[in-house]
Number of protein chains: 2
Amino acid sequence: MKDEFEFIDKITPKIKRQANLIVGIGDDAAIYSPTVLKNQVVCVDTMVEGIHFRKNTLTSYQIGRKALAINISDLAAMGATPKFFLVSIAISDKWNEQELEQIYAGMNDLADKYDMDLIGGDTVSSNESLVISVTAIGEVYSDTQLLRSHAQHGDVVFLTGEVGHSAAGLHVLNEKGINGPFTKDEQVWVLAHQEPEPQIKAGQILANLGERFALNDISDGLASEANELAEASQVSILLDESQIPLDSLKIAVDKTQALKWALFGGEDFQLIGSCSEQVFKKVQPLFQNENIHVTRIGTVQDGPVGVELTSDSKREKLEKRGYNHFFK
Amino acid sequence: MKDEFEFIDKITPKIKRQANLIVGIGDDAAIYSPTVLKNQVVCVDTMVEGIHFRKNTLTSYQIGRKALAINISDLAAMGATPKFFLVSIAISDKWNEQELEQIYAGMNDLADKYDMDLIGGDTVSSNESLVISVTAIGEVYSDTQLLRSHAQHGDVVFLTGEVGHSAAGLHVLNEKGINGPFTKDEQVWVLAHQEPEPQIKAGQILANLGERFALNDISDGLASEANELAEASQVSILLDESQIPLDSLKIAVDKTQALKWALFGGEDFQLIGSCSEQVFKKVQPLFQNENIHVTRIGTVQDGPVGVELTSDSKREKLEKRGYNHFFK
């Protein structure tokens, strides 16, 4: 493959999943008609080779899949329905045609699951690392706003799924390489790192309730994201260490290490949120019906803006430090 | 500056230019309400250090400005009104805080001109080159489609402004460096390369006419973009060499060189289009009123799909080759 045009032709979708897409790839820009009574939700996230992944932590297919999953997770945290995405990719000559096609195959499989159309992009050369940047577009009903700033005194703080698995998976990949061999526990963690599942269904259930929710996805670690909620809402959050769902991690590794991964690891793509006690009682059976695991991990309390972590023996301030990609 | 959060805080807009923006930077994704009876127009373009610019061809301010201008030019080619943009930037430690702020200052000044809001982004580290990827969002009335595929037999082929200046400017910058000294002509070309003006007004005038237009922006060179129109519309385009507006280029440099820059140089961000003779007569006075230069450079004719260039002495096929960023 020597030509940008040939490659674009190869990755241009042959089918249209969204009926309101008017012009997809092939013109200066894409055109779509927004759904009546819905607002548009847009986000962008970038993965850089050597920073966010290496060839020995993710396969090409997984790089593509994860680049889209990160963005779908942001849409989930807004309660949005995914619709479209655009992909900008800067490629060095260390990557061959088959690998590039696999990157797009990984994106396409996840896009298929969520009925998303690839509607635009840019393919350019890079001197060294592969850089992949995905823009995702979704829609929410115009009265829906699941914002970080919505936490209020007295709220239940809840978490979907388990946290720390992605960081544990990365640790194992760094130790053993991409081909393992892995124990059964390790396989779970490695898959959580390589092929995270965004919590779209959970976000939509909360959006459909039409109640006040604060919501955030766990991309930078539980500690960091809980602090984001606290700061945006100007509240104090108290997390109960014993309630943080470490499950398989707690048994397989040292508890301190498990807690460190859960609090500071990041890339779990679960949702942390808060709502009133009364609303939380409505959420639990709805999540149970869909097999979505949800845990009450804390409360919004009196006190200065920030996050505290409490256990049997101590109560301490939980700092924001976590997955900070920048300048490290 | 050591922290992603601090930097994001610094570049987060303190004002809102679009009234229908609901949630800007600061949550998992942005939310806006689309304008009634309008469609959404979305595009993304990426600039890579060492490929699309170097510190000795663009200042930091100009890098930011141009990264947004490229995208506004794509919106222009769809007849859209710019609304929002998102910026993903991968930064190596070769770039300091002041330079990064200048990149955002350049974007902000152009955004101010077009009333665009910065509504999201991602800031990550890169190992070596700076990579900046901008997603732009605009709106058009739902009956407007200025597509590449709309050229028809008998159409006038027209061009806004002049072409070749950006390539001439890059040539001069490569020869003399960013500080010159430049002749008066060279100053014009260098500025055309460093601070291109997207043709938003021209696109909107065409959109408001409600007529059939084929339209494309000249980002990859006149030859390449004329071929895009011909292929998308499945027509034959005949360009008249003597009509291509080379102006100051033709006088200052060898005519063959001037024509080469015009046809294959790229990054001029003018618009090439086609419409019926009758509609073109309506376009001319409207463009004149707004001081937009427009030239009839060819016709859509009988013949095989592609582009031909004619002059006094010859008539030859004009190949697509031009600015192909990929794998070169």
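From the backbone N, Cα and C atoms, a Cβ is placed for every residue, glycine too.
Taken from TrEMBL, the feature domain 'PurM-like N-terminal' applies to B:26-140. According to TrEMBL, the Mg(2+) 3 binding site annotation covers B:Asp28, B:Asp74, B:Asp217. Among the features that TrEMBL reports, Mg(2+) 4 binding site is placed at B:Asp28, B:Asp74. Marked as Mg(2+) 1 binding site by TrEMBL: B:Asp45, B:Asp122. Sequence annotations record features per position, and here TrEMBL assigns Mg(2+) 2 binding site to B:Asp45, B:Asp74. Under the heading substrate binding site, TrEMBL lists B:His52, B:Glu267, B:Tyr323. Look at TrEMBL and you will find B:Tyr104, B:Gly121, B:Asp122, B:Arg148, B:Ser219 tagged as ATP binding site. Summarising the annotation, TrEMBL assigns domain 'PurM-like C-terminal' to B:153-305. Annotation comment: TrEMBL describes B:Asp220 as Mg(2+) 5 binding site.
This view paints the features noted in TrEMBL onto the structure.
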residue	record	contacts (Cβ under 8 Å, 6+ apart)
B:Asp28	Mg(2+) 3 binding site	none
B:Asp45	Mg(2+) 1 binding site	B:Ala67, B:Ile70, B:Asn71, B:Asp74, B:Ser133, B:Val134
B:Tyr104	ATP binding site	B:Ile11, B:Gly64, B:Val87
B:Gly121	ATP binding site	B:Ile8, B:Ile11, B:Ile25, B:Leu86, B:Val87, B:Ser88, B:Ile89
B:Asp122	Mg(2+) 1 binding site	B:Ser88, B:Ile89
B:Asp217	Mg(2+) 3 binding site	B:Ser73, B:Asp74, B:Ala76, B:Ala77, B:Pro198, B:Gln199, B:Glu225, B:Phe269, B:Gln270, B:Leu271, B:Ile272
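Sorting the binding-site residues B:Asp74, B:Asp220, B:Glu267 by the number of other Cβ atoms within 10 Å puts B:Asp74 first. Listed binding-site residues B:Tyr104, B:Gly121, B:Asp220, B:Glu267 compared with chain A at a CB cut-off under 8 A give B:Gly121 as the close ones. Across the domain 'PurM-like N-terminal' (B:26-140), the prediction's mean pLDDT works out to 95. Taking the Cα atom of each, the residue listed as 'Mg(2+) 5 binding site' and B:Glu267 (substrate binding site) are about 6 angstrom apart. Counted with DSSP, the domain 'PurM-like N-terminal' (B:26-140) comes out as 34 helix, 47 strand, 34 coil.
The Cβ neighbour count for B:Arg148 (ATP binding site), using a 10 Å radius over every protein chain in view, is 23.
Taken residue by residue with DSSP, B:Asp217 (Mg(2+) 3 binding site) is part of a strand. When Cβ atoms from all protein chains are considered, those within 10 Å of B:His52 (substrate binding site) total 23, not counting its own. Across the structure, B:His52 (substrate binding site) and B:Ser219 (ATP binding site) place their CA atoms 12 angstrom apart. Mapped onto three states, the DSSP output places B:Arg148 (ATP binding site) in helix.
Across the structure, B:Glu267 (substrate binding site) and B:Ser219 (ATP binding site) are spaced 4 Å apart at their Cα atoms. In this structure, B:Glu267 (substrate binding site) belongs to neither helix nor strand by DSSP; it is coil.
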